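Below is one structure, written out as structure tokens; the observations come after it.
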Amino acid sequence: MKSRNTLLFGSALLAATVAVIADHQANAPAEIPEAARASAPSSESASQDDDEGYAPCGAI
Amino acid sequence: MSTRISTSPPAAADHYLVTFVGGFILLAALGIGLAIDARQAFLFLLGGAFGLTLFHASFGFTGGWRRFVQERRGRSLRAQMLMVAAAALLFIPLLASDISPWGRPLAGAFAPVGTSVVVGAFLFGLGMQLGGGCASGTLFTVGGGQARMLVVLAFFILGSLVGTAHLPWWLTQPSLSSINLSKSFGWVPALALTLGGLGLVALLSIWVEKRAHGMLEARSTPFPLTLRAWLFGPWSLTAAALILAGLNAVTLFSAGHPWSVTYAFGLWGAKIAQAAGVAVGEWTFWSWPMQERALNASVLADVTSVMNFGVILGAALAAGLAGKFAQGSAKLTLAPVVAAILGGLLMGYGARLSFGCNIGALFGGIASGSVHGWVWFALAFLGSIVGMRLRPFFGLDGHKPT
């Protein structure tokens, strides 16, 4: 029973790792060209938009 | 009297598992750090600390509530109250302050007190008894190698996804707005009210236990005093309660919000559905700005997701250290699997309706000074009692109806 569960855990871990990597590849933000980066607003100010004070389990 | 320090692993420790999972955790932290940023890697490791603590103390809500209702033993319930009280001592003053780490204010777990919370918490409580674990319980038992809990997790994700489809309708049902005790009364009375409420629950559990048994149950696991006990477990519930409260305070400070678990399940479900061709992005819930952004970003950028990954792996590491990986897992038969499916679906759906689970709504909500946390606690407990009545019909070791 233990070896079956270990195999199941290992398979689930492998599948989840592949899925996470695939999702990251598909959704990772594109590289910003150097020139555009220079004129883009800083990430500090960009983070203070509508997600300010947001908790995932709090009110939507 | 001196305390002997021993770090030699117990004979039962699974060295291969510890090496593999430990190495995987380090590699994953490095990968997250490179792919996202150092803070996200830290939150992943913080999730690992949560998982290790939960596993070493077997700290779960489901069994504790069942023991209190069926056996009139309240030790676990009191440990839960201690955990929330310790967190409230840190959260309520912090949230009332102007501290803004990372350039944004800290956000507590606040939510409206309405129909969706009442219905969702009741369904969640019912589901956690059928599933055999709440959200954090599901994660740490999956990490501990329990195959049945993988079924619960899969249907938890599906239930959460369905919950995101229905939540906009539920939010149109009668509801009060969110009630923040600190804003209503000031943070000192809010803290006093919160601690008083938690103390009352603990006192009630003492009264019930003494009435049933004449005395309180003796502590079965001592507070870990040696390095060996800290590494290989088991930990006492008191130690775990205090550590979990501290870790949640670190989460609040580093993530900007309290520890949450179930939000990620809905996100994972939506991403899987999207990959399968379902136009999830057109659903009302997933077109709200924050949800849309989360859906279209890497899952590694989601705080709750990386912390959940950490919880599972941290629990697996603890299971390896304690030599308890996949221990006590029985052969899967139809009735318990059906209970796992129903439990997962009900918890997933209920958590989405009620803005979280025992962690996000009860732990985070009450410790933040939000009234919805108390409503969640009461309704989930009620649902849990119904769930205990249903367990025998699924061949689970629950209350036998007379």
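FYI, residue positions are counted from 1 along the chain as it appears here.
Yeah, the Cβs are placed from backbone N, Cα and C, and that goes for glycine too.
The transmembrane segment feature in TrEMBL is assigned to B:16-36 (among others).
The transmembrane segment feature in TrEMBL is assigned to B:42-65 (among others).
Beyond the ends of the transmembrane segment (B:77-96), by six or more residues, the same chain brings 59, 61, 64-65, 68, 106, 108, 182, 187, 190-191, 194-195, 198-199, 201-202, 205-206, 237-238, 240-242, 244-246, 248-249, 252-253, 258, 362-363, 366-369 to within a C-beta distance below 8 angstroms of the stretch. The feature transmembrane segment is assigned by TrEMBL to B:77-96 (among others).
Marked as transmembrane segment by TrEMBL: B:108-128 (among others). Residues 61-62, 91, 95, 134, 137, 159, 163, 167, 170-171, 173-180, 257-258, 260, 342-358, 360-361, 364-365, 367-373, 375-387, 390 of the same chain, all 6+ positions outside the transmembrane segment (B:108-128), place their C-beta atoms under 8 angstroms from a C-beta of that stretch.
If you look up TrEMBL, you'll see B:149-167 (among others) marked as transmembrane segment.
Positions annotated as transmembrane segment by TrEMBL: B:187-208 (among others).
As annotated by TrEMBL, transmembrane segment applies to B:229-253 (among others). Residues 7, 9-10, 13, 43, 46, 49-50, 53-59, 75-76, 79-80, 82-87, 90-91, 94, 101, 106, 219, 221-223, 259, 307, 318, 321-322, 363-364, 367 of the same chain lie 6+ residues outside the transmembrane segment (B:229-253) yet bring a C-beta within less than 8 angstroms of a C-beta in it.
The transmembrane segment annotation in TrEMBL covers B:297-320 (among others).
With a threshold of 8 Å between CB atoms, the same-chain residues lying at least 6 positions outside the transmembrane segment (B:332-351) that come near it are 119-132, 134-135, 138, 147-149, 151-163, 166, 262, 265-266, 269, 357, 360-361, 383, 387, 391, 393-396. What TrEMBL records for B:332-351 (among others) is transmembrane segment.
Residues annotated as transmembrane segment in TrEMBL: B:371-390 (among others).
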Would you say the transmembrane segment (B:187-208) and the transmembrane segment (B:42-65) are in contact under the rule of three or more C-beta pairs closer than 8 Å, pairs 6 or more apart in sequence?
no
Short question: which residues 6 or more past the ends of the transmembrane segment (B:149-167) have a Cβ under 8 Å from it?
116, 120, 127, 131-133, 135, 138-139, 141-142, 262, 265-266, 268-270, 272-273, 280, 283, 285-286, 291, 332, 337, 340-353
